[in-house]
Amino acid sequence: MAESNPNASIVAPVPSIVPDAHAITPVPTVWEMVSSMDYFSIEIKMILSATLIIYLGAHASLRRPPSAAPPKKLKRKGGKLVVDDQKEHFAQGFEASDAFMFPLLAGGVLIFLYYLMKWLQDPTILNKILRVYLGSSALFGMGIFFSDGLQFLISLVFPDFWIDRSGRVFEIDPVSRTQKALKEPQGEDSDKEVDPKKGLPLPGFASEFSVSASRRKTIWMARHLLKESCVVDLVVLSRRAVAEVTVTGVIGFLIGCAVEGLYLYTNSTALSNILGLAVCYTSFIWMSVTSFTIGSMVLVGLFVYDIVMVFYTPFMIAVATQVDAPIKLIYGTSGGRSSLLGLGDIVIPGIFICLALRFDLWRHYQRKVRRVEENLETVSAENSDTTIGNATEAATQVTTVKKAFRTVKAPFVDPRGQWGNYIWGTNFRGLVSGQPTLRAVSDASFSKSYFFATILGYLIGMLATLVVLMVFKRGQPALLYLVPGVCGSAWLTGLAKGELKDMWDYTEDGSLDVEEVVVEVDGNGKVIEKPKKNSGEKKAEEETDAKKAKEVKEKEGGIGENKDGYELFKFSITLPKEDSLKEE
């Protein structure tokens, strides 16, 4: 819900919580609208902040699509990186029933808050409770929000690749602590040549700064510390827990705690907006509408809910204006004019826009799927056994070779965390042509037609909301304009591209993420089962697997027992050396 308030305070004391009727004000003239420049500055801030957080959250929500093969993930074990065979799982998304449940639940909460405020007659106590509760709930989200922001800044200072003015591409090698020039940037195995002049892990002319050996070592160590994960080992009463954390994650969490404390102490509107944006950001990462069909149903349900609550009941406007908690974005000017936008008007359309971006990524890898020809051998026995005396001749075996095709998916290249490489590794020619010079960047780039279409639909919906708000000077249900803009732009794009069937079939419930296997069949086309193992072999294998699982549990998260006794308490943080990062 979007609303404009010309008063000095958005929570000004009023005789009644809710006015009995909405006052109809005259339509302002064109000159009055143009002369209100402070109003335009407020709305521009609101539109930019909402659009920017959706853009960042959508890219942070990217993950491997079902049309891409999982890469050989490496995990650290015993000081070395080994292949991690752990399967990925998609986040649980919405279901079709949520299109009916969400409006009912939201309406119930809204009505409860409305009558609670009327019963209290003073929302001060309720605001304090909501500020503490919602602020504490947003603490984890703020940690992720600030951590990702720090990682973005670190990628700008310490990129993995960069291009100089002459067009040479340099790769920063943390193992040898050198910079190497790539002779073929687009090649998979390009020849590399160490540049002795560039002794620092910095891009541009900063790589050739003359510093002492100790300072050079400190800078390389700082890069390693900020970009790699640390292993945290905790043992309490012989129970062990092992986890990986990053320095940016710890710093981001501490910054989030500081922001939360300052907000509770000062009740600053700016800090409240930061908390709200952090909640939106993490919602985009952890929430999914599952499919375009379910997403459209959920948005339509909340579309009806928003219209009813704003136009036909006093609940929405009363709660939005009287509740002082991080559930909305508030922007104001020195002249006393202010405007607010509910977080639901960002999160609800935003998760649909995130789905559109992930669909673009799925289409990108779907085009890379290729068919590989394979020979399938079928062994059959002819019924030509003959008996001569007491001897029987063996049946003749016939081997039939058939050609078949198997779909092969392209390996997934994570586009997240590539901001620094893209900025430092793209020259002017690459910006104009849209083709990045670096292979690592080009492999992670993809067309975003559905994403930009829905972003455009969101902007049009926001502009329509603000124009109507400015003309009638009355709170507007933003979803009335945002839902048609976002949903309509997505489906119209699919219609124009002839991909409506793909949009209808696409889902993130995991059913599309299948693995192709080749099996051996007999002459009738039935799968030939492998001979079953006897009970002794099966029991031996089970005992071996149980023993290995017990060893892993004792090492990584089980009983912390050594030869000398029991560990009552132990806490350590280990940063692996650069040599352990080298792929074996």
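Just so it is clear, glycine is given a Cβ too, placed from its N, Cα and C backbone atoms.
What TrEMBL records for this protein:
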{"type": "TRANSMEM", "residues": "39-58", "note": "transmembrane segment"}
{"type": "TRANSMEM", "residues": "99-117", "note": "transmembrane segment"}
{"type": "REGION", "residues": "180-199", "note": "region 'Disordered'"}
{"type": "TRANSMEM", "residues": "245-265", "note": "transmembrane segment"}
{"type": "TRANSMEM", "residues": "271-289", "note": "transmembrane segment"}
{"type": "TRANSMEM", "residues": "296-320", "note": "transmembrane segment"}
{"type": "TRANSMEM", "residues": "340-361", "note": "transmembrane segment"}
{"type": "TRANSMEM", "residues": "449-472", "note": "transmembrane segment"}
{"type": "TRANSMEM", "residues": "478-496", "note": "transmembrane segment"}
{"type": "REGION", "residues": "528-563", "note": "region 'Disordered'"}
CB contact flag for the transmembrane segment (39-58) and the transmembrane segment (340-361), at least three pairs under 8 A: yes
Stretch among 99-117, 296-320, 478-496 sharing the most Cβ pairs under 8 Å with the transmembrane segment (449-472): 478-496
Closest-packing stretch to the transmembrane segment (296-320), where packing means Cβ pairs under 8 Å, from 99-117, 245-265, 271-289, 340-361, 478-496: 99-117
Selected stretch (most C-beta pairs under 8 A with the transmembrane segment (271-289)) from 245-265, 340-361, 478-496: 340-361
Cβ-Cβ under 8 Å with the transmembrane segment (340-361): same-chain residues at least 6 beyond its ends: 1-3, 5, 10, 46, 50, 53-54, 57-59, 61-63, 65, 106, 276, 279-280, 283-284, 287-289, 291-292, 295-296, 298-299, 302, 320-321, 326-331, 415, 446-451, 453-455, 458, 461, 478-479, 482-483, 486-487, 490, 503, 506, 508
Spatial neighbours of the transmembrane segment (478-496) far in sequence, C-beta under 8 Å, 6+ residues away: 1-2, 292, 295-296, 299-300, 302-303, 305-307, 341-342, 344-345, 348-349, 352-353, 356, 449-450, 453-454, 456-462, 464-465, 468, 502-503
